[in-house]
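Here's the structure, in structure tokens; my notes come after.
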Amino acid sequence: MAPGPIAIHPDIKDVAPPRKDTLGLPEPTRKRLEKAGIDLSQGYPYRPARPLYLDDVYKIRNKHRDYVDAGTRADPEKKALFSAAEKVIDLTTHIGTEIVGLQLKDLTPQQKDELGLLIAERSVVFFRDQDISPQQQKELGEWYGEIEVHVSINPYQSFSTLTSRMLPTLQRPQTLTAATASSTSGPRRRGRHRHLARTPVD
């Protein structure tokens with residue numbers, strides 16, 4: 001029997017079937033995912049069905065999508081964001097800033113907008129020791145626009161639109177969360193994207 005429609009687009013009928021891998025997870029990673037309610041009973045990672053034909057892939061993003069950059073709503077001086085931080089460290093003259101003492105999951109709407117502007121200005125912003133679940137990472141990403149769907153890459157477990165870009169063995173509990181400027185907005189538009197990436201800290 002032919003596989004059913006893929007979840008990310010109901011009109012796509014011709015798909016490669018799902019595949020299940022079972023990789024050993026480091027205990028800290030397993031605890032973090034289980035704490036967030038991620039179902040690991042079907043193996044990790046679970047690779048969902050994917051389109052067989054390029055024309056079907058194009059159907060996923062073939063409509064105009066309005067986009068407003070969160071940074072355009074921000075206070076240019078970023079008072080709400082900077083005043084809540086213990087320390088703000090510019091790592092170089094023009095690129096890279098570390099914000100100390102803030103949890104991304106607790107940012108107010110105003111602080112999120114100001115973070116968006118800071119990312120646009122500094123290219124990459126680092127936050128250490130974040131207690132943030134995959135669901136909260138997804139919610140934060142959605143503040144800045146529609147999350148990119150990678151139809152040919154396995155998504156983060158249980159989230160069809162959030163891609164894990166690292167092997168589980170590299171996801172250590174002591175991490176930086178880096179918010180970087182690089183984003184989709186309208187159809188086939190290339191511009192500034194904001195990615196949240198968990199990066200090991202030695």
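Here the Cβ of each residue, glycine as well, is placed from N, Cα and C on the backbone.
Annotated features, as they stand in TrEMBL:
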- 1-30: region 'Disordered' (REGION)
- 10-30: compositional bias 'Basic and acidic residues' (COMPBIAS)
- 89-159: domain 'TauD/TfdA-like' (DOMAIN)
- 170-202: region 'Disordered' (REGION)
- 175-186: compositional bias 'Low complexity' (COMPBIAS)
- 187-202: compositional bias 'Basic residues' (COMPBIAS)
For the compositional bias 'Basic and acidic residues' (10-30), the DSSP residue counts stand at 4 helix, 5 strand, 12 coil
How many of the residues that make up the domain 'TauD/TfdA-like' (89-159) does DSSP mark as helix, as strand and as coil? 27 helix, 12 strand, 32 coil
